[in-house]
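Reading through the structure tokens given below for one structure.
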């Protein structure tokens, strides 16, 4: 799908999302507007509700309240149309790993009804891009963690989505592949695609993202262009200042060597 | 390895084996020589059992190649058939001059020279004064234990030096069923489902059972298969095969989220899964039908049995297309041991499965009634009528299941994902 001129609606708009698991309020009213063409970082401590938020935004987890829409299409009232525009890389889920890498990409292409010859061409491109040529004919169950991540990313890209939602995309991916993928993602946003990435790595977010939202305890603490959020200090410092939870820096006395 | 052996002896199977061995000790109590020999031999026997089980386990945990799966399934088949094979052999023995004690005695004498029996025979031989025979058998027993130990050690060393050195390169460009599939979610689902039915032991073993069950029954009938009853032997396994994917989403595990993320419509997902299962199951049912009807010699009944078998399969799959849009059950994860017990099978799910089986039975009943009419009257027209009715009902149920199940799935998809995450834990 070619990238059209920027439209009025944001690539992803979340309004008042709430999700409760038993007694725990995992997401407590999150609002977020991700502008088209932006590279948006979502950061927060473990258990902040990032993954839950992204699951609700991509139509995998029904919110208790609130709405999510992709380029103006409501994810929960028209899931098929909305999901066609989303490329989703979830963290910590299995793939259909009895299939080989190549089969898995071709399978995903067919799920999106791409023409068969188009699938052949795109599969080849993605396999080269992810440097998986040698392992293309091997069952995904036998892949390393990094290779599995890469083939999952390839599957998220195969239908040329307008919005990419990536949960911890570079975890255990080798540095060379990570750099290659970074390049591809940059040119993707430059051409009008939108990326929203959730990560623990402040360095990665500061380096790659132009927008960032800091999430803690199911709420957005601050959101906006990276420069504004940083407000002069590094993103890491700003994050710690907002989220808190730092212990004193020296560590326990018994650990010190002198 | 010593630790594992000790654990094996102390575990429940080990203790039971030891107790069994002690019964032998008690039996030899009236011969002092035998009693003395037992003190040496019984521990060797128990150890051999434990080490043998470990050795077998060390083979099965070496990688999960396709060959390993096939061997495992074959072993499973032989195990299932062990009873009939033994009774079959005994009856063959019995046919030739009655099942007299001489023959059994000869059989046991033969067994006592094999690695399996040698150690248990030593005390008896010594008690009979056959010193040399006893010593040779003791030698066989010790050699068996040593060979098993070495084999086990080889596997342990191989596993710890190069832990599961899997092939990380393979021929590319082989898309298998995926490559054959037309584009679109139904085609993709069909190819994925079919790949799993033919490659994943969790599905594959059900196909094996369909092939094995008639053999089992033939053994049970003592190969008296020239009866109308035997002609219908395929119907029950076909019905059960259709009900295998009654909670199909469970087998996806969390991979179901990658499917849900594509925004697949329920109808397409249901149709893909049903067609995949049908492509794997229908040819098997047809082949088994032709073979069993052929063996029974009741060719007149071929259309009727086909109608009942395929009708039952289709009806079952149609029911599953609806039920698997509601149900998620705990199942072994993909790549896990198929025979692993998973906790959390609930009473209600069992009850539901029983209900589905009854439902499939009721839906097969009209074809079966016509088939019985064919048996009674011997008129071919009833047989053909059974085929038509069986197929019509089966196809009708399948289509209805896809339509209804699809509508339900559109609503329950995210709920299914939540439940899969909660029950499978991966």
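Every residue, even glycine, has its Cβ placed from backbone N, Cα and C.
Those TrEMBL annotations? Automatic predictions, nothing curated.
What TrEMBL says about this protein:
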TRANSMEM  B:30-52  transmembrane segment
TRANSMEM  B:73-93  transmembrane segment
TRANSMEM  B:131-152  transmembrane segment
TRANSMEM  B:203-223  transmembrane segment
TRANSMEM  B:229-247  transmembrane segment
TRANSMEM  B:274-295  transmembrane segment
TRANSMEM  B:301-329  transmembrane segment
TRANSMEM  B:350-376  transmembrane segment
TRANSMEM  B:382-404  transmembrane segment
* Structure fact -> Among B:30-52, B:229-247, B:274-295, B:301-329, B:382-404, the stretch with the most Cβ pairs under 8 Å to the transmembrane segment (B:131-152) is B:30-52
* **Highest-contact recorded stretch vs the transmembrane segment (B:382-404), from B:229-247, B:274-295, B:301-329, B:350-376, CB pairs under 8 Å** => B:301-329
* Other than its close neighbours in sequence, what residues sit by the transmembrane segment (B:274-295), given a CB gap under 8 Å and a spacing of at least six beyond its ends? -> 186, 189-194, 196-198, 203, 207, 210-211, 214, 218, 225-226, 230-231, 233-234, 237-238, 241-242, 244-245, 301-302, 305-306, 309-310, 313-314, 317-318, 320-321, 398, 401-402
